[in-house]
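These notes concern the structure reproduced below.
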Amino acid sequence: MDKETIKAHKISDEEYAQILEILGREPNLLELGVISAMWSEHCSYKSSKKYLNGFPTKAPWVIQGPGENAGVIDIGQGMAAVFKVESHNHPSFIEPFAGAATGVGGILRDVFTMGARVVAGLNSLKFGDIHDEKCGKHQKYLVKGVVNGISHYGNCMGVPTIGGECAFDECFNGNILVNAFALGVCKSEDIFYAKAEGVGNPVIYVGSKTGRDGLGGAVMASDSFNEESKSLRPTVQIGDPFSEKLLMEACLELFKTDYIVGIQDMGAAGLTSSSFEMAGRSGSGMKLYLDKTPMRESGMTPYELMLSESQERMLICAKKGYEDKVIEIFKKWDLDAVVMGEVTNTGKMELFWHDELVGLIPIEPLSEKAPILSRPTSEPKYLSEIKNYKFELKSSVQELFIQMLQNENINNKAFIYDQFDSSVQTNTIKADGRLGASVIRIKENGASVAMAIECNSRLNYVNPKIGAALAVASAGRKVACTGAKPLAISDCLNYGNPQNPEVMWQFAQGCEGIKEACKELNTPVVSGNVSLYNETEGVSIYPSPTIVSVGVLEDANKTLKASFEKENLSVYLLGESLGEFSGSMVMKIQDKKVSGSLKELDYKAELALWDLLYKANQNSLLECANSVGIGGIAMTLAKMFAISSVGANLTSDFDDEKMIFDESASRAIIGLSKENEEAFLNLAKEFGVKAYKLGVSTSQKHFKLDSIELSKAELDKLYFESFKEQIQ
């Protein structure tokens, strides 16, 4: 094998030596391609696995933790929620519409593969500076393309996209982030797993035909960008949501039978990863007859068939004798279905082309025992330069308030979420635009499931460990503010180039923060994804661990809103304001800096707040609640009253007026009626949570907070109209 070919497959000299040892000979091109894909960062998690192994993954309500297509938790009365978040960053930067659309398609398949009907989608989007003279126009093009791709696929599939977050920073100028989350619901006893066992059991290919789209996608997603990357459009998969809709319905029909042993989505690295993962998990071997693959293009080679990432395809291990029944279901839905192999006990993948053996590879070294790297780490030098920066006001509070409310990181994103169908399936209780977590009703048990997606990259830049812990806490707090109990998380870890020791240090610290927060807050990790090499021309993104927290409220009718719908409601701030301006939005907007050093998270205070919100809501004491996030109480209150029908007369009583922009954790704003005040304050005392009265909601269409005064019309215009103008 010549060195150029090996290098083109991103295989290092050390890895090639391992390949020679595993095979006992030189690999052929097909084998090299398969091993390259399975050992890519995207499939093997070789740089990250050692840090992920420490995550807490168990709890009495966890049915399935990491290692399957998606995580599963018990949501009561025999029902389960199946969910996962993952990235489609690199393809979305190259081809925004197709990249984002297939990102949605992939995550939907991960969920319905487990036997669940998908009932909700969320997304976390990060773009570059839309005001930048050089790249602003291109960033707007990316925003429009990505949003169009997500809405097209989700809407056509009939899956409601009910929430998300969107942020802008120059660190994403060369690498945008597109993280998609899906949640499905099924009976706890009806979950299917990705396994291939039972010698002689048939392996069946189902779904769409295989083309040349997405070739090398897993390897591309395991590398950083440079000028040449702009020509990579052919490696972006093309999605067809209508085929996926048929595939989902066919799979859900199949799951009502007892015809199959296991099923796996063909995602990154296509047929390669699905076959190796199924056999690897089961300790089996497999024979695949590649010439039987349904092909969309003529003249395709075994190499292309094994590595194509054509969408809307699954691999099924059926029970022997039931092949025809399985095929019949997929034919009914107008999909391809063909027996293309069988399970063996050899522990090897045997690849045939017109009955000739063209590839023979041991499965375990490519799946369960793929190489794990221990990359060098070193603390980034920039941390010592930024840690002592202190924030002081340089303009009037009113000026800063207006500047912040119309900033694209804070203002309303109706331009985005209006493109998503959030009400299809008629289960949506609280969707995007209503602040905080999104909520759906579970008709089968009367409960609701709340979910929130969270990632503040600036905080992770300032302190990767505390920043990641804060993301877990913040996502959980948003769920708690709906009245639900946070139960588990899914994570999508977006970082730069792991070959840079400073990036690897950020990653290790981020994992430590997630591990600590999940343990202390009792929200285990049940699924996730790692996206590395988010780097262009040597510049890495800020560390960006996206966290989705999922919680349950036993009675959907008790779901809390985030808006004030009545006058004369008492407005309270819960939790302590500690003057946390490090990595804050106010610092970024006023000083154009991301600096400081974060305070450790007080987990006891965070948990006490969650417990208080849950108990107060169970006792019907609250009218509304919302987590205090970026921009502090100033922005939280502004947004709550912008989406409300009433005005506000509020006073913070802070000694220093800049404190209204403080971003301390473990805080929430609540609204409650005067007759419930005493009972609530007694409860807050019981839980050890400080409650500060800020004022009341009023019938006057006016917003007043300390020295800030605006008419409700001005407030609404700043919040609702700004982004539409900025994105044009």
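Each residue's number is its place along the chain shown, starting with 1.
Glycine too: its Cβ is placed from the backbone N, Cα and C atoms.
Taking the Cβ of His42 (active site) as centre and 10 Å as the limit, one finds 27 other Cβ atoms among all the protein chains shown. What Swiss-Prot records for His42 is active site.
Within 10 Å of the Cβ of His88 (active site, proton acceptor) there are 31 other Cβ atoms, across all protein chains. According to Swiss-Prot, the active site, proton acceptor annotation covers His88, on the basis of sequence analysis.
Residues near Tyr45 (ATP binding site) in space but far in sequence (CB under 8 A, at least 6 apart, same chain), listed by position: Leu52, Val530. Under the heading ATP binding site, Swiss-Prot lists Tyr45, Lys84, Asp491, Gly528, citing sequence analysis as support.
Neighbour list (Glu86 (Mg(2+) 1 binding site), Cβ cut-off 8 Å, at least 6 residues apart, same chain): Gly103, Gly106, Ile107, Asp110, Asn179, Ala180, Cys492, Gly528, Asn529. According to DSSP, Glu86 (Mg(2+) 1 binding site) sits within a strand segment. Per Swiss-Prot, Mg(2+) 1 binding site is recorded for Glu86, Asn529.
Residues annotated as substrate binding site in Swiss-Prot, with sequence analysis given as evidence: Ser87, His88, Asn89, His90, Arg109, Gln237, Glu309, Ser310, Gln311, Ser531. Cβ-based neighbour count (10 Å, all protein chains) for Glu309 (substrate binding site) stands at 32. Glu309 (substrate binding site) falls outside any helix or strand according to DSSP and counts as coil.
Look at Asp110 (Mg(2+) 2 binding site): DSSP puts it in a helix. Around the Cβ of Asp110 (Mg(2+) 2 binding site), 27 further Cβ atoms fall within 10 Å across all displayed protein chains. Look at Swiss-Prot and you will find Asp110, Asp265 tagged as Mg(2+) 2 binding site, backed by sequence analysis.
In the three-state DSSP reading, Asp491 (ATP binding site) counts as strand.
DSSP assigns Tyr45 (ATP binding site) to coil in the three-state reduction, outside any helix or strand. Neighbour density at the Cβ, taken as the number of other Cβ atoms within 10 Å, is lowest among the binding-site residues Ser87, Asn89, Gln311, Asn529 for Asn529. Counting Cβ atoms from all protein chains shown, Arg109 (substrate binding site) has 27 others lying within 10 Å of its own Cβ. Around the Cβ of Lys84 (ATP binding site), 28 further Cβ atoms fall within 10 Å across all displayed protein chains.
Spacing of Asn89 (substrate binding site) relative to His42 (active site) is 12 Å (Cα to Cα, whole number). The recorded positions recorded for this entry are Lys84, His88, Arg109, Asp491, and the Cα of His88 lies nearest to that of His42 (active site). When Cα-Cα distances from Glu309 (substrate binding site) are compared across the recorded positions Lys84, His88, Asp265, Asp491, the shortest belongs to Asp265. A 10 Å cutoff on Cβ-Cβ distances gives Gly528 (ATP binding site) a total of 26 other Cβ atoms nearby, all chains included.
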